[in-house]
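Shown next, in C-alpha cells, is the structure this report addresses.
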Amino acid sequence: MRTTEETEGFDGEASNTSMISGASSPYQPTTEPVHARNMLGGIRCDVEYLRSYFGIFKVVEVVLSLIAFICIETIMLCSPCGGVYFFEFVSCSAFVVTGVLLLIFTLNLHTKVPHINWSLTDLVNTAVSTLFFFLSSIVLTCINHNTGAEIAAVIFGFLVTGVYGVNTFLAVRRWRRGNGCQGAAQTSEYIRARTASRGEMESRPELA
C-alpha cells in the first residue's frame, strides 16, 4: 500500500506534467477572441442619435429622397428628358450619401476615424443636397408634362429641399460652435504656455 507521501508525490508529478503538457500544447487559449469581442463591441446602435434632431432629419431625408426617386422612376415617356435625368441623379445620390452617413453616425463608426471632420462632412452633404434638390425641382417644374408621377416628384423634391435646408442651418450652427470651442481651447493653451514661460524666466533671472 502506498503511503501518503508517495500519493502526494505522484499528485505533484501529475500536476507538473499537466502544466508542462498544457504549456507545450498548440491549442493554447489566446486573447484574440476577447480582442475581437472588444472590436465588435464598439459597433452599437446609437439610439440617442436617432432621437436627436440630426438623426430625425437624416431619417426623413433618406425616406423623402427614396420616395422622390421612386416617383421619377415611374415616368415612362419624357421629352425632353434632361430634367428627369437630372432629378433622378440628384435624388439617387442624396439617398445613397445621406443613408451612408446615417449608418455611420448610428453605428458610431465615425469614432473609428477621428481624423475626419464629420461635422463639416455632414454640413457639406446637407448644403450640396439642398442646392441640387432645389435646382432639379425647379427644372422639373418647368419642363414637366403634368403627369401624376412628375407632379409627385416635384412635390417631394421641394419637401426634401426644405428638410435639407433646415438641417443645413443646424449643421452650420454646430460647426461654428465646434470651431469656437476648439479656438478657445487653443487660446487657453497658448496663455498657459506663455504664463509658464514667464514664470520660468522670473525664477531664473540669469536668463533675462
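Including glycine, each Cβ sits where the backbone N, Cα and C put it.
Residues annotated as compositional bias 'Acidic residues' in TrEMBL: 1-11.
As annotated by TrEMBL, region 'Disordered' applies to 1-32.
If you look up TrEMBL, you'll see 14-31 marked as compositional bias 'Polar residues'.
Taking DSSP states H, G and I as helix and E and B as strand, the domain 'MARVEL' (49-176) has 108 helix, 0 strand, 20 coil. TrEMBL lists 49-176 with the feature domain 'MARVEL'.
For 59-77 (among others), the entry in TrEMBL reads transmembrane segment. For the transmembrane segment (59-77), the residues of the chain that approach it from at least six positions outside its boundaries are 50, 84, 87-88, 91-92, 94-95, 98-99, 102, 129, 140, 147, 149-150, 152-153, 156-157, 159-160, 163-164, 167, judged by C-beta separation under 8 angstroms.
Within the chain, the transmembrane segment (83-107) has long-range Cβ neighbours (under 8 A, six or more residues past its boundaries) at 43-46, 49-50, 54-55, 58-59, 61-62, 65-66, 68-69, 72-73, 75, 118, 121-122, 125, 129, 132-133, 135-137, 139-140, 142-144, 150, 153, 157, 160, 164. Sequence annotations record features per position, and here TrEMBL assigns transmembrane segment to 83-107 (among others).
Under 8 Å from some Cβ of the transmembrane segment (119-139) lie the Cβ atoms of residues 54, 61, 82-83, 86-87, 89-91, 93-94, 97-98, 101, 105, 154, 157-158, 160-161, 164-165, 167-168, 171-172, 174-175, 178, all in the same chain and six or more residues away from its ends. What TrEMBL records for 119-139 (among others) is transmembrane segment.
Annotation comment: TrEMBL describes 151-172 (among others) as transmembrane segment.
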